[in-house]
Every structure is written in structure tokens, then in C-alpha cells.
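Undergrad: As annotated by TrEMBL, active site, proton acceptor applies to ASP92. Positions annotated as active site, nucleophile by TrEMBL: ASP266. The feature substrate binding site is assigned by TrEMBL to ASP92, SER93, GLY94, GLY95, PHE96, ASP146, GLN189, GLY216. Per TrEMBL, Zn(2+) binding site is recorded for CYS304, CYS306, CYS309, HIS335. The feature domain 'tRNA-guanine(15) transglycosylase-like' is assigned by TrEMBL to 14-366. According to TrEMBL, the region 'RNA binding' annotation covers 247-253.
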Amino acid sequence: MAQTSFELTARDGRARRGVIRTPRGEIRTPAFMPVGTAATVKGMMPESVAATGADILLGNTYHLMLRPGAERVARLGGLHKFMNWSGPILTDSGGFQVMSLAELRKLTEDGVSFRSHIDGSKHMLSPERSMEIQKLLGSDIVMAFDECPALPADRDRIAQSMRLSMRWAARSREAFGDRPGHMLFGIQQGGLEQDLRGESAEALKGIGFDGYAVGGLAVGEGQEAMFGCLDYAPDMLPEDRPRYLMGVGKPDDIVGAVKRGIDMMDCVLPSRSGRTGQAWTRRGQVNIKNARHADDPRPLDENCTCPACRGYSRAYLHHVFRAGEMISGMLLTWHNLHYYQELMAGMREAISGARFDAFEAEFHAVRAEGDIDPL
Ligand SMILES: [Zn+2]
């Protein structure tokens, strides 16, 4: 029966390069996972997402359980078939989004009962139900069900929440069972408290997972505090398993996280920004609605090989954004996802060549030049 594995192929300082093997394909790490919240990466055909270099997508348990429903997706052949994506899919546990989006939440030892933010219908999520939903969806990488307090929170609240998440992690492991070809990741919590992060890591290692996420960051603490935590948190997790930083981030967050030993990340930023006229380039962020682009015949990034940069000027991208045309979000999302994947590929090469520090210095130097030369 097909199995999964993780192999580290190069290291440079704390940065790691590797490959996760699943029956649905290989995931080159460090990996960036585009977010397909509602069984679509908004504005992108699945083959276009693959063309940007993405090996794996993320799906959201909370959104999919409410609409169209996990049982319905299962009856229709699972999430891969439903959304026409044949590569690996990671699903989150629903824990984070139920706490941030659902209405009338009631948190108990057993789980969370809540009302849908879409139609007010009643639902519940527990470690057991989250494992069941992720199995119905057919997820390749399943996340343990956890609870994550927004920061800042006081130490007692963070400790209580972390210990509840560790009890839920054990129940998730038990409910997941033995599923060859699928991976289950545990999630480290503990906020910005180093000793609580250590306690959480020990609890997770005692349970045993196929991979480990650093959870509870990118929730409003700021980059400096996040990097401060990443200076120690990943090293508390097993060396020989993938490490996933959830919900990160901007390009400079991603480079800083990889430098600190993170292997996988996801974020809505490249796709969400694309729909609001924001582009991310080697030379920094570009707001395409700005009037300075209206007569500019040059592409977003002269070195970029994406369809938006090969075929269209800043003037055109500015025009279609201002005119509210659908192609605006499509092109900017394509460019952003392409840029993110190029960034990951560049870091993987740099790690293999033992020149990550030089890569990082160049990354920051190019951004400091500003997004384009004067016409
Ligand atoms: Zn481009």
C-alpha cells in the first residue's frame, strides 16, 4: 500500500530543503500552499495553479463542512475530484476558523458548538468530527483539531488553551486511526511563552505525528514577535518531520520563517491581494490602482515569466482594475502565486547551494530599490 515519507535533502544553517512524498505526488519543501478555501483558489483554474509551481493546495474544513457539506463532497467522489485538483491537499481542522468566523460559539472539553455564519444553522466540531470531515473530503494531510487564542492573551488563558489543544491532539490521533497514504499533523501552541511551547512540543512528540505545525502565530503579534518565537519553537519539534507554519505570510515573513527552519506555509495573501489590486513582486508591493501606472507600458516585473507579466502592461492592469473587469483579479492572482512559487524555488536552490544568507541579503536589497525604475 502506498505510503508517505519526508526526506531532508539539504540544510544551510537552520534552513532545510526536502521532499514530502504522498501517493498523490511530491511536495518540494520549503513549500508554499495556495489557499482554496471553498474548493477553489479564487480566480484561478486548477491547472493554472499547478502551472505556477504549486505542489499542494490547502482546503478549509470549516467552510467546506458548511457549504457544500463534507458528506456531499464525499458522495461526489471527494475533494480532489470535486475541484479537479489531482495533487496533494492539506485541510485545516476547522478549529481556527470556527473561533474567528462562527456565531454563538460554545467551547467545552468535548469540542465547539456553533451557528454557521452563512445561514445560522447549528453545527459542532470536535476532534472526532474534524477527523471524520477531513476523511470525507479525502485530504492527504490532515490537521489535528485545536484551539488558538488571539494574541495578546494572558499567560493563563494561553496555557489552558494549549493544554486543551494537547488533549484534543491525542483524541485526533486516536480518531484518525491508521490510514496509509495519509498524514496527520499535530499543532504546537503556547503563544509567545517559550516554556509553554516546550510543554506543547513534548506532549505532541509523546502522541506521535507525521508532521508538526507551529500554530498560534500570525494572529496579530507582529513580525518581530513571530520571528522571536520562531528562533526557538521549530527546534523543539522532531528534526525528521515536516514543520508547517500556519497562515504565513508576506514574502519577507516567509523568507524569515524558512531561515528559522520552517518547511511549509500557507496564506490567502497572494490570492486575496490579487483581487484588491495588490501585486507582490521581487521589488516589493505594487498597488495597481495607483494613477502612476495609467500610461506605463512596462510589465509589473520585467523579469517575471508569468502570463500577466509576459502579456500585459501596467497600464492595462491598471485599466482593468479600475474598470472592475474580472481579468484584473485573475491576472494579479496568477502573478502573485507565480512570484510566491518562484520565491520558494529560489530558496530551495539557495539551501542546496549553501548560500541562503546571500539569497536573503539579495532579497532585501532588491526590494529596497522600489518597485520600478523611473520611466
Ligand atoms: Zn508576473
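In case you wondered, yes, glycine gets a Cβ from its N, Cα and C as well.
Describe the structural context of these features.
TA: For ASP92 (active site, proton acceptor), other Cβ atoms within 10 Å of its Cβ number 30.
Within 10 Å of the Cβ of ASP266 (active site, nucleophile) there are 22 other Cβ atoms, across all protein chains. Secondary structure from DSSP puts ASP266 (active site, nucleophile) in a beta strand.
Shown in sequence order, CYS148, PRO149, LEU151, GLN188, GLN189, GLY190, GLY191 are the residues of the chain, 6+ apart in sequence, with a C-beta less than 8 angstroms from the C-beta of GLY216 (substrate binding site).
Within the same chain, residues at least 6 positions away in sequence whose Cβ sits under 8 Å from that of HIS335 (Zn(2+) binding site) are GLY274, ALA279, THR281, LEU300, ASP301, CYS304, CYS306, ALA308, CYS309.
Within its own chain, the region 'RNA binding' (247-253) has Cβ neighbours under 8 Å at 96, 217-219, 223, 226, 262, 265-267, 269, 280, 339-340, 343, 363-364, 367, counting only residues six or more beyond its boundaries.
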Undergrad: Distance check, please: Cα of GLY95 (substrate binding site) against Cα of ASP266 (active site, nucleophile), rounded to an integer number of angstrom.
TA: 16
Undergrad: Could you give the mean pLDDT over the domain 'tRNA-guanine(15) transglycosylase-like' (14-366), rounded to a whole number?
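TA: A mean pLDDT of 96 is what the model gives the domain 'tRNA-guanine(15) transglycosylase-like' (14-366).
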Undergrad: With every protein chain in view, how many other Cβ atoms are within 10 Å of the Cβ of GLN189 (substrate binding site)?
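TA: A 10 Å sphere around the Cβ of GLN189 (substrate binding site) contains 31 other Cβ atoms.
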Undergrad: For PHE96 (substrate binding site), which residues in the same chain are close in space, meaning a Cβ under 8 Å from its Cβ, but six or more apart along the sequence?
TA: ASP146, CYS148, GLY215, MET246, GLY247
